[in-house]
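Q: Sharing a structure with you now.
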Amino acid sequence: MASVKVAVRVRPFNQRELDMDARLIIQMQGKKTGILNCKANTRDENIRYKEFTFDYSYWSHDSESEHFASQEQVYSDLGTEVVECAFEGYNACVFAYGQTGSGKTFTMMGSSDNQGLIPRICKALFERMSEDSKKGTTHRVHVSYLEIYQERVADLLRGRDGSSLRVREHPKKGPYVEGLTTCLVTNYGHIQECMNRGNAHRTTAATNMNDVSSRSHAIFTITFVQAGFCNGIPSETVSKIHLVDLAGSERADATGATGERLKEGAHINKSLVTLGSVISGLAELSLETNGHRKSLFVPYRDSVLTWLLKDSLGGNSKTIMIAAISPADCNYGETLSTLRYANRAKNIINKPTVNEDPNVKLIRELREEISKLKALMFSEQRSDMLAQIHEKEAREKELTEEWTSKWREAQAILREQKALGLRKAGPGVVLDSDKPHLVAIDDDPLSTGVTLYQLKEGETSIGTEESEVKQDIVLRGAGMEPQHCSIIFEKGTAMLHPKPNAQVWLNSTLIESPARLTQGCIIFLGRAHVFRFNDPAEAAELRKGEKTLNLSRMSLLSWSTPDLGASYETLPPLNDDIDRYEIENQRLSLAKEKENFEREQEAFEKRRKTLEEAQARLESERRNMEREHAAQTRQLEEDWRNLTAQQQRRESELEEKEKLLILKREELERERKRLLGEIEQECQEIQEFRKTLNDLLVKTCQFVKSHLNEFNFPDCNSITVFQDLVDKSTAGTLSDNDSNHLVALLNQVTSQSKIQDLVNHHRQELARLQAEIERRMQVLSERRDAVENLDKRIISLVDEQLETTNSNKISELQDLKLSLARRTQEELLEIEQRKQSLTLNLKRVNSAQSPDSCEVNCSSSLERGTLSSDTYHTATSACSTNLLSVGGIEHLMSDSGVELRPSSHLREDSDLSSTEDLKGVVSDSQSTTSSTENRLPINRKRRKDHEALRRLSHRIMQQKQLIIQSLDSNCSKVLLDSQIADLQELQRQYMALKFDSPSVLSPAAEHPLQNLDSPSPSPARPVHRGSTSALYSPPTPNRHLSPYSNYNLYRSMPSIPSASDNESIISITGYFLRGAGKRTHYEYEVRITTSFGEWWSVLRRYSRFRDLHLAMKARYGDKVAQIPFPSRQLFANTESVAQSRKRQLETYLRRLIEVCRTHPSCPLAYGGPISKADLISFSPFFSRGVFENGKYGTS
């Protein structure tokens, strides 16, 4: 019994994860693997960090790390054990499990220069076999290759015939696939050919997670049989090695799968869920509870994958599971699920046994029993045991001889198949003989076989049985001589030597002298036998040289002059001079045709050599240029990384400074609020004091009025004035002057002592209240001055923050980016000039000797040399513009008649294939340069508009403070109306300048104090940079404004929609042909440019446009339905249809945005310029994919 070995391997970040700025969450130490949950808010480390222990933990994330696990180390730990199991007679299974794009196929298959487990195991298997064969051990190896696609089994070695194979289960051998092709392989080259053929037939597709995602499970099975004698006892073992590459588990939202991809993902997830259930069930069965194992049903038959791997999971096999995981935090859920499955698989217990032949096992048991009986016989001296011993020895000898004869026959068949090069390929048999041979052509309808005679080195004689000398090839039939002819094969050349009086015809010509045999020639022997001569070496040379002439013409023109003369001499004598003259003319014409052919062949060979030399020079120059370009690109990448790091440091410094400014501003704002609260409280207390003062004054006046006869006034007029003022105070119409006059009169009256004391007391109380009111008014004035000072400080802080945010970001970084981009353009221009100068300077010769010599245009090969990245799948429809320009350029001819023209008008966006990985960096730098140069005048205009808006905002604040002061001082209504009109005019100017300006300012730039108290952050900026836009509301004359409480006058208003040019937002710049066969389609490059300087391109096929139209029509109704949309057409993959659709789809997108902006529920209806975030929220159609880097990306 043995448990399943589990290994975990983590891969490096892929491009998608680098673009997402993913974080590393995997840690490995020894055999332990830990995963960190970066999104968990809890402080419990047991929840944020989980650790697992496996048999092997391979750190393949960083190749520079000292703990980096290479393909060699993985094979050394896992693959060597599989090879040992095969030679020991055990079954073995290795399968890779993990999510899509986690590196399973790379671990199992690898690449051409870095092979994976399967090729390394196969190579080691044959190396060990060659060593053991020297010791007398015999081996036989069969391979099969199948895939499970959508729960249907397909034979990868047979090709794609659309049929599905059935899975059966043998009561003893277990599950198997009925009708699966099994190939007998004798060396590593054969098994490698099987792997390559199967991989070419395997189903793959592109998703958002992986551009070459395996959409099926693949099982490569090696059946290994070895036989020999061990201590005189026969030994025969059969081992089955299952090497499984599973399709990755995936989530539809992450992979972006739709349609057929979504259906494939559902089947993949079904089989993987079943595999997880089987693993969980086997893990629970392996656990013992109180000494008893659980009884649990394991759902093997719920999927084809688990059914075929039944013996490998919990059966007769030694199993290794490789869990491939991603290191990125964005794949945390899938990675944790993979680790949990791997942890459960550790608990599975298998029961591997040696797979021994039953007869061999019986022979061994008989030997053991014979030994026991002999021991008993010698000890007990029993005569009956001797008979049993003899009987068992005879049985053992008979079985041994049967087994030996069986293996002799099998080895003879194997040797014969190897000598003939026979191998099984699906339902047929392929002949791969590398020696020259004759194939009999039999027109007998009753014949069911194919006769083949191999020619040995030296002489091969052909004759009948009546010959005195034994013939190598014995034939019977009419016209055959005892010694008919012989074929001598020496130094790669076969010569046919006919015997005297023998009828030997070569290509319908009777020969009597030796003639050379060529590939495909027909030989007639006697009147009953026809053979075809095949020379594999010559056929390979013909295929390699790419001869353009057919074999029949070459066979005709390969006749030599002696052959023609000999055939002429064998003709019966002709007495007619006219016939002899015609025959002579035919002979001369044939000789002339032969000379012309030889001359053409010589010219062709010369042209071929010239082209090969030219191609070699161009290839050498291209490699040098690629190396120089790669070095320059690496330098540019380094400079760009340094620039990005410097920019990040500067941005962090600016953010820190901005945070400090915001903290200061918030502190000042809190102080301002506190002062405003104190001012409000002071105002309330002053009002209360005034009310108390008025009440006391009225009470005192009433008292004096009621005791008027007891008081003495200075004169009678004073009494009248006093009574009038008292009446006004009673009615509540007493002004401040009247109040002062009344107090003065009260201070002048006199009376008796008691009454006078009371009056004096009231006078003192009034004086105290008046003084307190004056003091508090002074304090109120001081606090208002403090509030004004705070407002000025806040405005200065906001100005400083804006200057820090805007001016510093455009200062040094723009200069650095401009210099770097300028240097990039200069280097690219130099490389482009060198690339265009790669032409050949050859001259024409032999034009008089060979006027019919063809002129081969080499410009296409030069074009392919410099534009190797334009393949059939990625070439644009406008490929005609890539042809070489011939106008005004002298056409140079080579010595062999090759016309060569310089390539002067190449596409501006063509790249070398070796620089494909670096085009993102160069394109980014170029786009940065162009966008920076285009934005320089726009930035200056934005700064000018921003300064004007800031000055208007400051004037609006001052005007509002002036209106508040006028309300406090009880100014006239005419003056107040004039000030309000001035405020409205300033606000109108502010609105006009803001929305007529092409620049879009941040909310903090619109007004420095409008969003200090706003709790909601802007969606386009960080939380600390302000809120949504707010504008001043103009005060109305009939609105009551408190002089102290309503100090800030703001209100929120909706954004005013600005006119936008939809034609400048959307454009379709081109279209590209993608796919092959039935999947050929056109994809259109949609270029989006916003008013914020943002631009990007996406590739979309016609079906994506149709899905967008249907979705928008369902969402916004008849308005979108009325927009003309190009209908589906027959023969839609033609260029004319693509050209017309390009214009129609571009018009449709512009009309769609224009119509949807008028709909109130549309994300684009908020007004203002359209941003990238608005378009993406409007529809995912405008969102750029992870691997979408241009016309070579996915759509």
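Even glycines carry a Cβ here, placed using N, Cα and C.
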Q: Can you dig out which of the ranges 123-162, 363-402, 1123-1162 TrEMBL describes as coiled coil?
A: 363-402
Q: For Gly98 (ATP binding site), which DSSP three-state class applies?
A: strand
Q: Give the sequence-ordered list of residues that share a chain with Gly103 (ATP binding site), lie 6 or more positions from it, and have CB atoms under 8 Å from its CB.
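A: The answer is Arg9, Arg11, Ser60, Ala324.
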Q: Is it possible to list how many residues within the domain 'PX' (1062-1195) are helical, extended or coil according to DSSP?
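A: Output for the domain 'PX' (1062-1195) reads 61 helix, 25 strand, 48 coil.
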Q: Where does Gly103 (ATP binding site) sit in the DSSP three-state scheme?
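A: In three-state terms, Gly103 (ATP binding site) counts as coil.
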Q: Just how many other Cβ atoms lie inside 10 Å of the Cβ on Thr105 (ATP binding site)?
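A: Excluding its own Cβ, Thr105 (ATP binding site) sees 25 Cβ atoms within 10 Å.
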Q: Provide the number of Cβ atoms within 10 Å of the Cβ of Ser102 (ATP binding site), excluding the reference atom itself.
A: 28
Q: For Gln99 (ATP binding site), just count the other CB atoms lying within 10 A of its CB, please.
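A: There are 25 of them.
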Q: Tell me, how many other CB atoms lie within 10 A of the CB of Thr100 (ATP binding site), whichever protein chain they belong to?
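A: By my count, 25.
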Q: Let's check the environment of Gly98 (ATP binding site): how many other CB atoms sit within 10 Å of its CB?
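A: Result for Gly98 (ATP binding site): 29 neighbouring Cβ atoms inside 10 Å.
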